[in-house]
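Sharing a structure below in structure tokens format, with a few things to ask.
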């Protein structure tokens with residue numbers, strides 16, 4: 001039903017001259033005022049202001065929307081009503097000067113009565129009470145008259161984008177679910193209840209609200225309409241409850257099956273809804289975190305976990321239900337398939353990390369609230385302790401106690417939170433200049449923000465506006481009328497250098513910026529002293545430090561760009577450090593990065609560096625810069641104009657210092673990639689000569705390790721050889737021997753197998769007899785080998801040795817040169833060997 005309804009809507013308007021555009025991301029592309037896309041018109045806001053910028057004059061969309069944070073927040077109602085959702089789809093048709101009120105009403109009426117075949121008896125219309133034109137068009141088209149066309153005077157039927165800008169009256173189509181439900185016909189000060197449900201809102205954008213509050217006619221009036229897909233699907237499926245449509249029933253049924261609990265329908269509704277919003281947010285690059293939209297996603301997942309816990313289910317649930325969502329919505333929203341692994345990994349990690357906190361936190365909450373009764377209020381101090389000490393979120397505390405009709409002192413909680421932040425800020429600033437906040441504010445009121453003139457200037461002149469000396473030390477803090485010293489900002493460490501006056505030399509060690517924009521210089525007195533405010537001083541930055549910071553900052557931009565290119569658009573900065581010696585970059589990514597992928601990332605970075613891209617900076621309007629693709633940090637407060645830094649395709653909003661060309665970075669070497677939190681990874685790297693030095697040291701370390709390894713191998717080989725020698729020596733020594741004595745000379749003969757002649761020769765000194773002659777035989781592959789070893793006395797008888805060699809020769813043996821007291825002989829036949837042994841025995845008898 002969902003897919004069919006969506007397709008029917010799109011096809012109808014395409015057939016009626018509209019261009020279909022796919023849903024935009026849930027993350028507003030160029031609208032820092034919004035946390036999420038929460039209506040179908042959000043992606044087209046700029047076109048209503050200037051229709052000439054619209055790519056098409058009439059458009060139809062099925063837009064993903066989330067309402068779970070900020071002004072539009074349905075989170076707490078989800079699960080307890082029939083129609084509230086954190087995620088929903090808005091079907092819409094839009095006109096940018098193409099058609100207006102009459103055509104918009106005609107198309108809407110034709111679609112609901114002819115395409116959807118809704119009964120006209122069930123339909124009611126509302127118009128803005130002053131919009132006679134809309135009333136007449138509706139009356140002419142439907143014949144309803146005042147009985148079923150109601151004039152509404154409240155702001156509900158007059159829409160405006162903001163305090164100033166495009167606005168106009170609205171008209172709504174309501175559907176009557178029947179008398180069995182409570183509710184009044186939609187009129188002023190009457191509640192339509194559950195009986196009458198708004199299914200389509202038509203906004204006739206025909207005015208511009210001016211600064212004075214006056215309304216001026218738009219030159220090109222526009223149309224913005226929105227139909228809630230889930231509400232209409234419920235009507236077509238014959239129910240007044242969105243959660244009883246087939247899509248939600250499929251998820252709820254699977255939730256019941258997996259948890260084994262079919263009770264507590266509210267819990268299953270929460271889980272089904274939150275699975276949708278969490279999955280689509282992750283698919284659009286949002287990952288759980290502690291600020292902004294990332295924290296809203298975390299709240300959504302944690303709320304689902306809380307309700308799965310209430311069902312008695314204590315393991316990961318949402319990933320086990322995702323396949324149902326993908327099956328029902330994945331054919332139209334293919335990002336669910338593309339980002340499936342990221343969605344499953346993120347849901348799993350977030351659930352696992354919160355379950356322990358939830359279990360212990362609920363136990364503590366039960367302890368502190370056990371004596372409380374309906375109507376009581378939990379103190380902000382206790383709620384804060386649960387959050388600060390035990391990590392138990394305030395919204396979960398509120399949610400749980402709400403079921404028992406116990407409230408929470410959220411103002412008291414906010415006060416404690418504010419106090420903690422102030423203490424933390426004071427702690428961070430304790431080492432900063434002791435300049436009083438009064439003095440900083442006084443400088444700000446008189447002189448404004450400190451002008452920074454250091455992008456191109458490495459030396460300069462300035463006047464001292466304020467001085468604070470740290471009592472009992474040579475430390476002081478100075479405020480200047482302008483500065484070349486870049487203050488610590490955006491993760492980049494500050495410049496250092498010197499400030500020199502007529503009788504003063506100061507070393508600038510740290511530079512900070514106050515919340516007002518006043519720049520403070522922490523200094524150490526090298527010589528002399530600062531005598532008075534108003535003194536003119538010379539400024540000079542440490543150029544080597546500045547260049548190192550610039551190289552590392554530009555390298556960080558390139559790293560960010562390459563990560564988004566290789567890992568996906570979900571990668572966004574979560575923190576950074578730009579120091580002179582290294583850089584550190586934290587980013588959203590749920591999976592570990594393989595060594596192979598890390599090498600490819602490093603290669604891509606260096607290729608961009610060596611492409612010698614010019615580093616270009618320009619000042620732009622913030623909305624224009626973001627629209628043009630510049631990456632900004634969510635939660636960062638930007639002025640109306642921003643500095644845009646471009647390095648090839650890497651474009652970011654940035655106030656930091658950078659190199660002139662990418663090639664000045666020289667080289668990037670990634671040192672490590674690690675995980676610092678769930679869904680957040682960290683890369684640390686070095687550049688330029690530091691990178692080269694690291695590579696050289698690594699090579700030297702490898703060489704040292706190789707040399708050390710070779711030495712160990714040689715030692716092992718020597719040890720093993722000794723062991724082998726001992727084994728062979730034992731074999732020869734213990735081999736069966738035949739001993740014969742001829743006069744004073746003993747001849748020992750041994751026969752061994754499986755030992756080569758080389759090994760036997762190497763054993764000669766170890767097995768040499770103290771007296772007499774040792775003859776060791778072994779069989780080789782093609783011959784018989786004999787090793788004849790003489791004792792020291794016989795060895796001295798040169799003529800005897802010569803006679804032995806001659807005897808071997810006459811017996812058809814071959815003598816091989818060897819060590820002096822050893823004779824090696826090889827025989828091709830055994831009978832030759834036997835004959836030789838007999839002749840040698842006779843030689844011994846005749847000689848000794």
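Glycine is treated like the rest: Cβ placed from N, Cα and C.
Fair warning: this is a prediction, and the values are worked out from it, not measured in the lab.
As annotated in Swiss-Prot:
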type    : residues           : note
BINDING : 553, 557, 654, 658 : Zn(2+) binding site
Need the DSSP three-state call for residue 553 (Zn(2+) binding site) to compare against my parser.
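In the DSSP reduction, residue 553 (Zn(2+) binding site) maps to helix.
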Across all the protein chains here, work out how many other Cβ atoms are within 10 Å of the Cβ of residue 557 (Zn(2+) binding site).
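Cβ-Cβ neighbours of residue 557 (Zn(2+) binding site) within 10 Å number 24.
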Within the same chain, and leaving aside 553, 557, 654, 658, name every residue whose CB is within 8 angstroms of the centroid of the CB atoms belonging to the recorded Zn(2+) site, in sequence order.
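In sequence order, the nearby non-listed residues are 550, 554, 556, 615, 645, 647, 652, 656, 657.
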Compile a sequence-ordered list of residues in the same chain as residue 658 (Zn(2+) binding site), six or more apart from it, whose Cβ lies below 8 A from its Cβ; state 'none' when nothing qualifies.
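Once residues fewer than 6 apart are set aside, residue 658 (Zn(2+) binding site) is near 550, 553, 554, 557, 615, 617, 645, 647.
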Name the residues of the same chain, 6+ apart in sequence, whose Cβ is under 8 Å from the Cβ of residue 654 (Zn(2+) binding site)?
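Expected: 490, 553, 557, 643, 644, 645.
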